[in-house]
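Enquirer: I have a structure here, written as structure tokens, and I will follow up with some questions on it.
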Amino acid sequence: MGSWKGTMLAWLLLLHPLPSPACPAVCRCSSGEADCSAHALRAVPQSLAANTSSLWLGYNSITMLGPRSFPPLPGLLRLSLPHNRLALIHSQALVGLETLQELDLSNNYLSVLTPETFLPLTSLVMLNLGSNRLGELEPGVLHALPQLQALFLQDNPWVCSCGILPLWRWLRHNREKVREQNSLFCRVPEQLNKHPILDFRNESFRQCQESSLPAQHYIAFFIIGPFSFMASIIVCTFMGSITVIYHNLRREPHFWRRLHICRIH
């Protein structure tokens, strides 16, 4: 009897096989890896298997990652997006990728990155930002990655002005995490072109006033200042007039009485 049930179960499995993990038609999937490279994709495929651990999306035509660009991938460890046309990453683009350990964004058009974008990546160990268009990098981007051990920043047009001071400090205190150190050069200003960023010293930034106020504070001063000045003049004039009138009344106590009598007559 048991043998008969086993035979029937085998036939049922043959006729109705168990569903296999999803794999987009443009990808090759095997053992948790999804290779979707070089298919002129403009967006991340959404029909990926939930057990995907490695996703390769290099050499496509993805220009931006919008909010929640990725389907639920709770076990994704490696995400590779090199050689796309990526110029913008939304602050919510990487939500749901808390397990991600390696992220390759090299050879793209990224010029601005915000700390909020990387906040979900609490497990990230390796970040490759090489060969983009980064002139500066907010320190909050790197502070949002507590587990980061390997960072690639080479071949970017770094602007070596006061704005690069926070990044320079991070690089100086985390040399062991910086890969391709000998490829970090200034591009702007022209007199510092190809100057190694890590060759700067503290005195190189002496002219940078860290205590200087943000631009919006100066704007507020320029707007509020004239109004405050005019208001003070008006108040002083008013108070002065009140004082003069008060003193005149004390000197001529019968002035108003005489004026009243004249009006009666």
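Sequential numbering from 1, following the chain as shown.
Glycine residues also receive a Cβ, built from the backbone N, Cα and C atoms like all the rest.
What TrEMBL says about a protein is an automatic prediction, not a curated fact.
So TrEMBL has the following annotated:
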- 1-22: signal peptide (SIGNAL)
- 22-54: domain 'LRRNT' (DOMAIN)
- 156-209: domain 'LRRCT' (DOMAIN)
- 218-249: transmembrane segment (TRANSMEM)
Enquirer: Cβ under 8 Å to the domain 'LRRNT' (22-54), counting only same-chain residues 6 or more beyond its ends: which ones?
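Expert: That would be 60-63, 65, 69-78, 80.
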Enquirer: What are the DSSP helix, strand and coil residue counts for the domain 'LRRNT' (22-54)?
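Expert: Helix (H, G, I), strand (E, B), coil: 0 helix, 7 strand, 26 coil.
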